[in-house]
Amino acid sequence: MTKPIITFNNVSKTFEDSGTQVLKNINFDLEEGKFYTLLGASGSGKSTILNIMAGLLDASSGDIYLDGERINDLPINKRDIHTVFQNYALFPHMTVFENVAFALKLKKVDKKEIAKRVKETLKMVQLEGFENRSIQKLSGGQRQRVAIARAIINQPRVVLLDEPLSALDLKLRTEMQYELRELQQRLGITFVFVTHDQEEALAMSDWIFVMNEGEIVQSGTPVDIYDEPINHFVANFIGESNIINGTMIEDYLVSFNGKEFESVDGGMRPNEPVEVVIRPEDLQITLPEEGKLQVKVDTQLFRGVHYEIIAYDELGNEWMIHSTRKAIEGEVIGLDFTPEDLHIMRLNETEEEFDARIEEYVEMDEPEDGLINAIEEERNEENL
């Protein structure tokens, strides 16, 4: 990892008036030029992290570093960090130009330089020709672009975005996801984005921190978070999941619904109770006799790109299936899946425990160098 631009070291926050602890020993390093997302439900602590980073709140304990320098006591205006708030915080009595140029005027930048940089920045956010437009006459998407332009015109090291897309309609929100991601990559500025929207986080991020009750419960790439949730909370919070109680018989063999199935997971105790995750899109509908499981269709909804089918097995477990095939309510269908479609979770495992287990298991499972060399020599002799 390169030198981090932002570091949180055992950062906690308790509001003294209520005694409520909203952050518990937060630790992370953020690299320069990446798109990070703090993802969690309301009250999870994600916006508190953003406010501490910006200097709007003080940490109760722990240390915050910017480029290796401790900034706990550094004033907001001395931090090379800019924030885009949920309500955009624009000046309604000013024009687009005046809003974007505001910070430069405070720094007493030359007027010609201000005009040049405002023009360049508005071009970046696709607002060329809007310089003299009143803020009150702009659409929600246009106001957001103005707020982003104002945040990036000084070319800060870090831009913080506190749920800036939440007030937009679905189509515009999707368009702005593409625009924000493309802008961040073009500028090479570190973006820290706060949202409760899982799809938004998966679509835009290089790295996601999943938060719950003031703690980071899992961090990783969007693919890691979606395909390898470490516990019930993450699996249930990120996308749709079928979560079934099971038993890990041995490495690569799991039992649930009274049957044994091959898997690609290992490193657990023999006969350890586990939870099995299968995503709805990984279930294939078959004839009942051809499926690994049989379920009875209860209800279905048409979601546009697929049907969302709810079915129940003979043990009463609910199954969600995403399929392009329309089902018939009351019919019995088969469900098929591959070993790769099963993700096995230990009960209540933390991210630290998960990482340690995987590291230990991989080391135990790797062949020794001497054995690898012997195999290669044997193959070479056979080819002579």
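Keep in mind that glycine also has a Cβ here, set from the backbone N, Cα and C atoms.
What Swiss-Prot lists as domain 'ABC transporter' is 6-238, and the listing cites sequence analysis.
Taken from Swiss-Prot, the feature ATP binding site applies to GLY40, ALA41, SER42, GLY43, SER44, GLY45, LYS46, SER47. For GLY43 (ATP binding site), the count of additional Cβ atoms within 10 Å of its Cβ stands at 14 [all protein chains shown].
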Exercise. Give the sequence-ordered set of same-chain residues, not counting GLY40, ALA41, SER42, GLY43, SER44, GLY45, LYS46, SER47, with Cβ within 8 Å of the centre of the Cβ atoms defining the ATP site.
Key: THR48, HIS196, MET211
Exercise. Using the structure shown, find which entry in SER44, LYS46, SER47 (the binding-site residues) has the sparsest Cβ neighbourhood within 10 Å.
Key: SER47
Exercise. Look at the binding-site residues GLY40, GLY45 and tell me which residue has the greatest number of other C-beta atoms within 10 angstroms of its C-beta.
Key: GLY40
Quiz item: Which state, by DSSP, holds GLY40 (ATP binding site): helix, strand or coil?
Solution: strand
Quiz prompt | Nonlocal residues around SER42 (ATP binding site), in sequence order (Cβ under 8 Å, 6 or more apart) | solution = HIS196
